[in-house]
């Protein structure tokens, strides 16, 4: 190891791996390969080719706009333009089907408007572009596209400099001067990813350990920034910190230490990869001593690139409990793996979210319109779900409000208003499956025809598992208030239209969950059969008619 130390404290151990640890590590890599974590060399070469085409298109885009701004031919050519990648691709932990997060960097005379107009047009002309969806109004504006079968998220940022040379790097903080918030956010992705890679002692060890933790977090349903769990960048930083503490360890040992250390971490002590730096901007840097808002972060994981921010500000007290439970489970299973009584597949086993609670809330967002219009509404509802979780946590008797990290979507063609309302009212429950079993779906081959004389309806459902602890006296749980608050938030969306948008929250008991929340091979929980008492009523219990919405649908 070189003389460099990594991180804000000295390492815990600089020991080199033992032969046994090397063998242990081989079993991890084998498991990752078996589970399809890595893609073929040919697929990776294809990604590189696509990125080089995008680099050429970026230069053509900047050139075209520069000419429109009356620049000379030579100056327009010189204006440059460059693409950078970030996220899982840049970190080297991508697999088959991963998208590529890409940043298009442009000089000061090219605007975001140009990006959405000129660049979009340029892309539409490319035969390799299968799909393209510009989203200019997003928190981070983006063009989503599929290029030669590879999904790409294109962000744009302009710097306050006249040209973007091919050899430009983003490590100079002064490049951030005189740019707006959206440009700063777009640049941040690449700057953070690059710094993480510079702050780990052995990049390959880091990448393999992160592949394992990422797969574990996805399988255990604790990977989703929008729903209050760490996202990709946060999990990467958490793994990177362990690599700093054990600079010579193999990946499997990093994974073992990961669970040991974070299960005992004194939260809200922050996880830092380096000391927080000051810089040239009039912008807030994460500082709990200065800002009360930053003091509320429960499990702060801080980005290393200036301006440092908390990547985990969405974590609530419920999601924190769920994450800590998973860390503890990890500790136990890792002991078993080291001892030989358990295997990596035990660690990576699928979660049991749809088995473990007696009561669930199902949040339904519906739109009587096109799928594209529904995506806007469902996206809004998904982004607000964590606020409902926080409001539920404050209700007496609710010990835990655990959001599930994926939404479920369906589209139907209803024959009448009555049928449509019935579909909405039962969606998300077992009964809803009976209601829709003969209804035509929007996947139907004849959907263009059906759309003419049917009502098109798109639905998204989200689940929250509730752990309830009611004191003897009050056997009723009242969640009217958090629900109506949540409805208020969703309805105050500027595009909300009560004629086409539906928002509902239903109580759904474990045994009334629909079948589509279970994956193939997963056996749904069944009611324990009650022993028949003499004189008891019929064997067959009638299913509850309908678990009505907690509040009227809107």
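Sequential numbering from 1, following the chain as shown.
Keep in mind that glycine also has a Cβ here, set from the backbone N, Cα and C atoms.
TrEMBL tags one of the stretches 489-521, 522-554 as region 'Disordered', and that stretch is 522-554. TrEMBL assigns the feature region 'Disordered' to residues 1-20, out of the candidate ranges 1-20, 21-40. Across the domain 'Poly(A) polymerase RNA-binding' (352-527), the prediction's mean pLDDT works out to 94. In the structure shown, the C-beta of 86 has more C-beta neighbours within 10 angstroms than that of any other entry among the binding-site residues 86, 223. For the domain 'Poly(A) polymerase central' (205-349), residue counts in helix, strand and coil come to 77 helix, 4 strand, 64 coil, using DSSP. All chains included, 16 other C-beta atoms sit within 10 angstroms of the C-beta of residue 99 (Mg(2+) 1 binding site). Contacts of residue 101 (Mg(2+) 1 binding site) defined by a Cβ separation under 8 A and a same-chain sequence distance of 6+ are given as 85, 86, 87, 88, 89, 90, 153, 155, 189, in order along the sequence. Residues near residue 233 (ATP binding site) in space but far in sequence (CB under 8 A, at least 6 apart, same chain), listed by position: 87, 189, 192, 193, 196, 303, 311. In terms of DSSP secondary structure, the region 'Disordered' (1-20) contains 2 helix, 0 strand, 18 coil. Across the structure, residue 99 (Mg(2+) 1 binding site) and residue 223 (ATP binding site) place their CA atoms 16 angstrom apart.
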